[in-house]
Amino acid sequence: MFTYKIPRNLSSEIQIGARVIVQFGRKKILTGIIGKVHNKAPQAYEAKPILEVLDERPSVNPLQIRFWAWMADYYCCHIGEVMHAALPSGLRLSSESKIQANPDFDRENAAYPLDEREEKILDALENQKELTYEDCEKILGIKTVTPILKSLVAKEAILIFEKVQEKYTPKVETRIRLREDLAKDKNALEAIFEQLLGKEKQESILLKYLRDVPVFQKPELNEKGLDKATILEEGDSESSLKTLIKNGIFESFKVTVNRLQEVEPERVPAQLSPSQQEAMSQIKAQFEEKQTLLLHGITGSGKTEIYIQLIQEVLESGSQVLLLLPEIALTTQIVSRLQEVFGSSMGVYHSKYSDNERVEVWNGVLRGRFSFVVGVRSSIFLPFDSLGLIIVDEEHESSYKQFDPAPRFQARDAAIMLAYFHQAKTLLGSATPSFESFYNASQGKYGYVELKYRYGESELPDYFLADLGADRRKNLLKLDSTRLLREKIQEALDKNEQVLIFQNRRGYAPYIQCEDCGWTGECVQCDVSLTYHQFTEELRCHYCGYKEKIPTSCPACGSTQLSTKGMGTERIEESLSLLFPEARMGRMDLDTTRNKYGYQRILDEFGSGQLDILVGTQMITKGLDFGRVTVVGIWDGDRILNFPDFRAGERAFQQITQVAGRAGRRSEKGKVIIQTRNPDQDIFTKVIAGDYDSFFQQEMVERRNFFYPPYVKLVKITTRHADFKTAEKAAIALHREMAQIAVKKIVLGPEKALIGRIKNQYQFESLIKLDRSGATQTTFKEKLAEITEELQARPEFRSVRWIVDVDPS
Ligand code: ADP
Ligand code: ZN
Ligand code: ZN
């Protein structure tokens with residue numbers, strides 16, 4: 001936070017939470033938010049005055065500012081970074097330089113002569129009050145105008161100033177209506193019809209308009225008018241409409257419209273089943289005592305319908321509700337289900353929304369249009385002022401954690417804090433709870449409610465382990481698919497049912513290798529192998545986006561024996577099309593869903609039965625509810641387990657259970673086929689038995705013995721620099737300093753990060769384990785800030801970056 005002076009003329013406009021314009025440093029003009037009004041002048045610098053107050057009504061409320069401050073403290077970042085993440089960029093400002101004539105300049109008696117170009121600019125300024133740099137470029141017909149403008153400034157002929165603009169632009173539509181006096185006067189309108197005799201095209205447009213807009217019965221409709229597309233039907237000529245406007249029969253005008261579509265509710269909430277009702281009353285009873293509650297309901301148990309009822313009750317009591325979803329584009333199904341009930345009184349805060357749309361949701365919350373919002377993790381920053389309930393759906397999802405940039409927050413954890421500030425309740429829902437949440441529930445810190453049965457007739461699917469090694473020995477493997485998987489797919493296709501195939505790897509093949517010398521394509525900027533993308537004929541780095549054409553021969557030895565290794569979704573799609581030529585194939589991964597409606601299109605095709613088999617990455621594991629999916633294939637069950645992290649087991653359990661949960665969600669019982677080289681692994685037994693509890697107990701023993709969450713708190717510090725030696729030295733220096741801090745902790749590292757270099761930056765990691773007490777953590781974080789600041793002050797480490805990640809995952 002920085003301190004600014006309040007100029008006397010602005011003092012009446014100052015309110016906490018209002019946006020202001022301030023000067024930052026010598027050149028920058030920034031938007032700020034008033035966090036506190038006080039009269040303690042800063043010691044270290046002279047406070048500058050606030051330049052302008054932007055908001056008559058604050059854009060941000062005091063609760064939000066408290067929440068931001070908490071987040072900055074907890075996640076070790078600057079409150080400015082939190083503000084940056086919180087405000088949609090449309091509410092921030094951009095500044096643009098403008099040129100104005102200097103009113104004190106006397107052109108006739110100038111002290112220094114002006115050249116021809118300078119004169120041209122001054123001529124232009126006589127007609128136009130201000131010019132942009134681009135205007136000047138156009139006037140002079142040249143690209144570099146800065147020297148000329150500088151010279152004009154030096155001669156005191158012009159002034160350059162920063163014009164600050166809001167980036168948000170309201171959406172404006174052109175409408176057309178009947179001229180006002182004609183809409184009030186029947187005789188005048190009659191006269192117009194006479195005038196139009198013989199001009200059939202114009203007459204028919206006018207008649208049609210009057211049919212849609214009965215101007216005498218409903219004059220208010222004429223005030224709103226219609227848009228061009230509504231007036232013109234097929235066969236109507238646009239030029240006739242133009243003539244009508246030109247002759248003053250119609251008039252065109254502009255209105256500001258909502259970007260967010262209006263949707264009417266279509267249904268009332270469903271009648272809950274007895275077990276849903278039981279869960280509902282337990283939830284309510286436990287909320288009497290507990291702030292936070294874990295709803296552990298198996299896939300297909302009907303959690304969404306329970307959410308709907310709860311949301312409705314909280315809204316009726318007059319409080320606001322926030323429903324968090326992991327990645328909203330993947331959960332369009334749940335959004336449309338909610339929209340059926342809540343219509344457009346529900347705001348949707350989408351990661352693929354344009355910035356203007358985000359501002360409209362923000363303002364909608366601020367002005368009370370939306371008291372219920374469904375959104376991704378950044379929706380915890382919306383200007384709620386009276387939340388009653390926050391629901392975190394699929395609370396175990398790792399995408400609730402923001403990795404980069406700061407604030408590196410966990411939205412589920414932050415939501416619980418936000419609810420605490422609002423004195424609201426938090427409901428965490430999952431079929432496979434995170435171990436943190438389940439632990440908190442088992443300790444009695446959270447309430448706990450279970451839903452053990454699927455809704456309706458459907459049952460959990462049967463599992464089959466398909467042994468890749470055995471099939472290879474018996475020569476039964478075809479394009480890396482086992483006989484069992486092929487049979488189950490064929491059975492489903494024969495019955496006109498659908499199949500999902502899951503592989504956690506996009507692209508064609510994870511890498512390409514030379515059979516002769518062992519060369520593999522590596523990224524030039526990162527220590528990772530390049531993924532082979534067949535469709536685009538490229539090798540691509542999934543970490544930095546670097547790409548190159550696929551070589552025709554080995555760059556190392558010249559051999560042409562290059563082969564692809566491993567299977568990505570693109571290649572699986574190809575293999576399955578060869579094995580099942582009659583099946584209609586689709587693929588859903590980052591590569592096929594880059595544009596805004598990509599997901600929607602694929603899901604619509606699959607949902608309406610235009611596809612038989614859908615291959616996809618973890619995108620297909622989340623929340624999909626398709627009745628005709630009976631077979632789910634997990635292409636590489638072993639890959640799911642190879643996660644280099646203490647959460648490997650937890651993640652694998654969650655991922656397999658979730659993707660399996662897409663199968664057999666209506667009457668037909670589903671089948672899940674897991675391909676593996678090692679069918680005897682204990683985790684498969686536990687997943688198949690649905691034995692979350694004993695798996696949890698077993699993993700907890702390890703976490704306790706080796707000091708991992710939830711028994712300790714983790715802080716990960718990454719040291720980054722373009723020079724390997726400097727990075728290493730800085731990491732060691734940091735390590736030494738941290739070891740000095742006298743708090744209960746364990747410091748591991750520093751060691752080269754798993755990926756030692758990304759985008760030409762070398763990285764080293766240290767992992768700190770702190771005991772769970774709040775005091776330990778606060779002390780540690782404060783000391784850490786001092787240490788990094790002190791190290792940064794050393795000349796050799798000036799360009800080193802330290803990235804602090806609290807609760808990494
Ligand atoms: P979950 O989110 O727990 O996986 P869903 O909420 O998607 O489960 O419910 C699974 C299916 O059962 C959905 O198709 C849903 O429409 C249906 N369903 C759940 N509860 C009800 C209910 N009370 N009445 C009618 N249909 C229901
Ligand atoms: Zn080679
Ligand atoms: Zn790279």
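Just so it is clear, glycine is given a Cβ too, placed from its N, Cα and C backbone atoms.
Per TrEMBL, the feature Zn(2+) 1 binding site maps to C514, C517, C554, C557. Residues or ranges marked as Zn(2+) 2 binding site by TrEMBL: C523, C526, C541, C544. Feature annotation from TrEMBL assigns domain 'Helicase ATP-binding' to 284-451. What TrEMBL records for 488-703 is domain 'Helicase C-terminal'.
Structure coloured by features recorded in TrEMBL.
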| residue | record | DSSP (3 states) |
| --- | --- | --- |
| C514 | Zn(2+) 1 binding site | strand |
| C523 | Zn(2+) 2 binding site | coil |
| C541 | Zn(2+) 2 binding site | coil |
| C554 | Zn(2+) 1 binding site | coil |
Exercise. Can you list the residues of the same chain, besides C523, C526, C541, C544, whose Cβ falls within 8 Å of the Zn(2+) 2 site's Cβ centroid?
Worked result: V524, Q525, V528, L530, H542, Y543, G545, Y546, I758, K759
Seminar exercise, completed: For ligand 2, the binding-site residues of C514, C517, C526, C544, C554, C557 whose CB is under 6 Å from one of its atoms are C514, C517, C554, C557
For this session: Could you pull the average pLDDT for the domain 'Helicase ATP-binding' (284-451)?
Result: 93
For this session: Show which residues of the chain containing C554 (Zn(2+) 1 binding site), separated from it by at least 6 in sequence, have their CB under 8 Å from its CB.
Result: C514, D516, C517, W519, T560, Q561, L562
Seminar exercise, completed: Across every protein chain in view, the count of C-beta atoms other than its own within 10 A of the C-beta of C526 (Zn(2+) 2 binding site) is 20
Seminar exercise, completed: Candidates C523, C526, C541, C544 (binding-site residues); nearest Cα to C557 (Zn(2+) 1 binding site) turns out to be C523
Exercise. What same-chain residues, at least 6 away in sequence, bring their CB to under 8 Å of the CB of C523 (Zn(2+) 2 binding site)?
Worked result: S529, L530, C541, Y543, C544, Y546
For this session: Around ligand 3, within a Cβ distance of under 6 Å, which of the binding-site residues C514, C544, C554 show up?
Result: C544
Problem set entry | Among C514, C544, the most crowded of the binding-site residues [Cβ within 10 Å] | C514
Exercise. Which Cβ among the binding-site residues (C517, C541) has the fewest C-beta neighbours inside 10 Å?
Worked result: C517
Exercise. Around the Zn(2+) 1 site (C514, C517, C554, C557), what further same-chain residues have their C-beta within 8 angstroms of the site's C-beta centre?
Worked result: E515, D516, G518, W519, P555, A556, G558, S559, Q561, L562
